[in-house]
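What TrEMBL says about this one:
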BINDING   A:247-248, A:261-265, A:278-285, A:Asn299  FAD binding site
DOMAIN    A:9-198  domain 'Electron transfer flavoprotein alpha/beta-subunit N-terminal'
Amino acid sequence: MNFDDYRGIWIYIEVKDGQIAPVSLELLGAGRMLADKRKTELAGVLIGSGVKTLAPILFQYGADVVYVYDDPIFEHYRTEPYMRALLDCCHKHKPEVILYGATPSGKDLASAIATDLPTGLTADTTILDIEEDTGLLLASRPAFGGNIMATILCKKYRPQMATVRPKVMKSLPPDPSRTGRVIEEHIELHEEEMRTKVLQIVRETAKKVRIDEADIVVAGGKGMGSKEGFQLIHQLAEVLGGAVGASRDVVEAGWIDHHHQVGQTGVTVTPKIYFAIGISGAIQHVVGMQNSELIIAINKDPNAPIFQSCHYGIVGDAFEIVPLLIERLKEEIPKIKAAADVKEEIRHA
Amino acid sequence: MLHIVACIKQVPDTKIIKMNPKTNTMDRASAPAILNPYDAHAVEEAVRLKKKYGGIVSVLTMGPPPAVKAIKKCIELGADEGYMISDRAFAGADTLATSYALTKALEKIAKQRPIDLIICGKMTIDGDTGQVGPGIARRLNIPPLTGVNKVVELNKEKGYAIVHRKLEDGYEVVKSQLPCLFTVEKDINDISFAPLPNMIKAARYQPTIWTADDLEDVDRKQLGLKGSPTIVSKVWAPPKPEGGKILTGTKEEQVNELLSIILEKKELFS
C-alpha cells in the first residue's frame, strides 16, 4: 500500500427526507480544518435519489469537491447499495480519511466499508486532529463507558476512518460565494439483486419534543428515588416547555424509556438550558450534556461530581427545591409572555 | 430446522468499574464480569423466535476461559448450545480482527448445522462501537440489519424476515432475505426469568471450546493484535471541569436566584 496514493479528506454526506443531516455539515467544518492542515481537498460523498441539487450547499459549508451517486435505487438508506457506491468511490479516488456521522446509518455504512476495504475504524469520536506531515489521523473518544479518553490511530492502512458523534463538531458559517467541483459517478446496481427492501418508514416525532432538539432539557437521576418521584422531573419540564432526560440508572430501572437517556450510550444533547436533578454526574452522563449552554445541577450530596460540570448548583433536596421553582416559574413565565405579546402588538401597530 | 446463533461477549460492568488514576487503566478486579446487557436481549430474542417458530439457538463467544460463565448465563436464558473460541492468538483484537475470528467460528458451526439467522447485541458496553455485528455480516456476505427493535415475521420456508429498524425519530419496516444478521436494541424485549430446568442445565453445561488451530482456513495475520488496524496510542482522564457556582442563602433565596438565571434566557419563554 503506497500511502502517497491516498489524498483528501472525505465526509460521507447523510441525507434524510431530501435534507442534509446536520451532522454532515458539522463534519464538513471539522474536515475543513483537517484538510487545511494537510493542504489537501475536502470532499463530500453524496449518495441518494434526487440529491444532486444539494451539492452547492456542501460547497458553502466548506467542501471543495462533491462526488455524487444519484439513482432511484438509493431512495432509502440500505447497507448494500450505499456500500457498493462508496466502495466504488474509494477504489477510484483513494481518500486519506473518511468521516461519518455516528448515526444509525453512518455507523452501519462505516462498519461495512471498514470490513470490506479493509481498514481501521474508530467509533464515536469526539476529538479529531491530523499530523500535518504524515497525515496520521488522531481520533479520540471516550472509552470504557466514558471513564477514560483514548486516542486511536490507524498507522498501516488507508483510508483512515472514524464515526463522529453528532453535535460535537461545529459547522462553519455558510459562505454563499464558495463553489467547487461536482463529480458525477455511476455504478451499475439492479433492484432485483438487492436483498433488502424498505417497506415503510414511520416517524414518531410528532408525539413529543425530541430530546436532542429541545431548547430546554430537564434530566433526572437515581436521586429522584422512584418512578413516582421522577414525575417531578416531568412536571418541571412541562412548566418550562422542555424535554425530559434521564441518566442511565433511571432508564435501566425502567422509570422512563431509553429514548430519554443522555450520555455516552444514550443521546448527546446541547440545549440552551440543561437541568441535572438527582444526577451524580458520572462521566458517562456528562459526555452527553457538557456542551449545553447553561447547566444547572440540583443534588443533595455536596460532593457529587455533577457540581464540577455545572454552571450553577444548588445543594439541597430536589423534593423541596423543585416544587418551589415550579411555583415561581408559574408566576413569572406568564409575565414574560405578556410582555412579549405587548411588544408584538406595538410592532404591528 | 431453524438455526439461530447469538454472538455474545462477557464484559466488565463499566458502570461501576474503577480507574487507576495514576496509570489511567481499568482496575478490572473492581468490576464484576457480566454478560453484555445488549447481548442478553439478543439471546432472549433468539429464544423467543425459537419458541414461536421452532428450531435451535446456539450462542458463540470469543474470550478468555472465564467467559464460559457468560455462555452459562445464555443457557439459563434458554439457549441450546454454546461455542467459545479461546486462544492467546485472539488477544488484543480490535473490531476488524474480532469479526474475522467470529466469522471463522460461525463458518465452522454452519458446517455442522446451517445458520438461518445471526443475532448480535447493538454494541458492547466496554467497546461501545457496534461494529462487530455488521462486520460479521459483511464477511459472510449476508445483509446486516442494525438497530432492530421488533421482529415482525421470520419465514424460513420462503426465506425472508421482516423487522423494524430503529431510526433517530421512528423506525423503518424492512424485509430481508435469509440468512441475515440482526443487531438488536434493548427495547426489543424484556428479559424473562430463567426457569429452574434451565438453571440446572446451565450449571452443568460445558460449551464446545475451539482454539485458533481448530478453525479452518484461518489466516493468522488477521487474528488478534496483529490483525487489528487500529491501535490505542494514549489514554487520559477526561479534563476535570472547573466547577460551577453553588448558590447560597435560604431555599427561597436560592430558588429566586436560580429563577433569575433561567429567565435571563427570556427568548425561550416568550
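Glycine is no exception: its Cβ is also placed from the backbone N, Cα and C atoms.
Checking the binding-site residues A:Gln261, A:Gly263, A:Ile279, A:Gly281, A:Ile283 against chain B with a Cβ-Cβ cut-off of under 8 Å leaves A:Ile283. According to DSSP, A:Ile283 (FAD binding site) is assigned to a helical segment. Counted over every protein chain shown, other Cβ atoms within 10 Å are most numerous around A:Ile279 among the binding-site residues A:Ile279, A:Ile283. Of all the binding-site residues listed here (A:Ser247, A:Gln261), it is A:Gln261 whose C-beta has the fewest other C-beta atoms within 10 angstroms. Cβ neighbours within 10 Å of A:Gly263 (FAD binding site), excluding its own Cβ and spanning all shown chains: 26. Around the Cβ of A:Thr265 (FAD binding site), 25 further Cβ atoms fall within 10 Å across all displayed protein chains. Listed binding-site residues: A:Gly281, A:His285. The one with the lowest count of other Cβ atoms within 10 Å of its Cβ is A:Gly281.
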